[in-house]
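Quick look at what TrEMBL annotates:
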DOMAIN    146-180  domain 'ShKT'
DISULFID  CYS146-CYS180  disulfide bond
DISULFID  CYS165-CYS178  disulfide bond
Amino acid sequence: MLKMQWSHEAATQAQSWADQCHYGHSSKSDRRVAGQSCGQNLLRTVSGPFSWDDVLKIWSTDEARSFRYGHHGNSMQTVGHYTQMVWASTYQVGCAYRNCGYWQIYVCHYCPSGNLRGEEMRPYKSGSSCSACPNDCEGNLCRNYCPYVDYYSNCDSVSRRHDVCSRPGISSFCGATCKCKGKIHS
């Protein structure tokens, strides 16, 4: 699991969405940082402003109690905020708040996006901390993130059979696979 870092760009996008006072997810095209799609967690409250600590506890602690690793009986509506927060290849976050009169909205963007279809109930690899980064670990979190993107979902599997990284026409679409050996990427 990667150590999170604050993203000013993700926070600016989250603020732009919060300022609209619309409780629903923004389009994926409005949530991109450095070419990568970002996930989005939302919370609407009517009982007065919450502290960010309380917001994060609602998304993490409360939902973590319902989460069972690898169990496809988990409902994304019940655990989706939590799985986005602990997604192994997510390493940037930016959040925003807006008072919308009678209610408040909290928005966080997580980049790159987690909750990938078919992998939702395995947001990280089960095992000991930092097993994916034994030489680049801080506080039981990995720091070996990859800033590149694979634009094709099968780059990793195809590269095992063919040398895609030496072919310019293909390697530009498989940046993470070709440029991030030994690093964590989505």
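Quick reminder: no glycine exception, Cβ is built from N, Cα and C everywhere.
In the shown protein chains, 20 other C-beta atoms lie within 10 A of the C-beta of CYS178 (disulfide bond). Long-range Cβ proximity for CYS165 (disulfide bond), meaning a same-chain Cβ under 8 A and a gap of 6 or more residues, is found for SER159, SER171, CYS174, THR177, CYS178. Summarised as a single figure, the pLDDT of the domain 'ShKT' (146-180) averages 85. Least packed by the Cβ count within 10 Å, out of the disulfide-bonded residues CYS146, CYS180, is CYS180.
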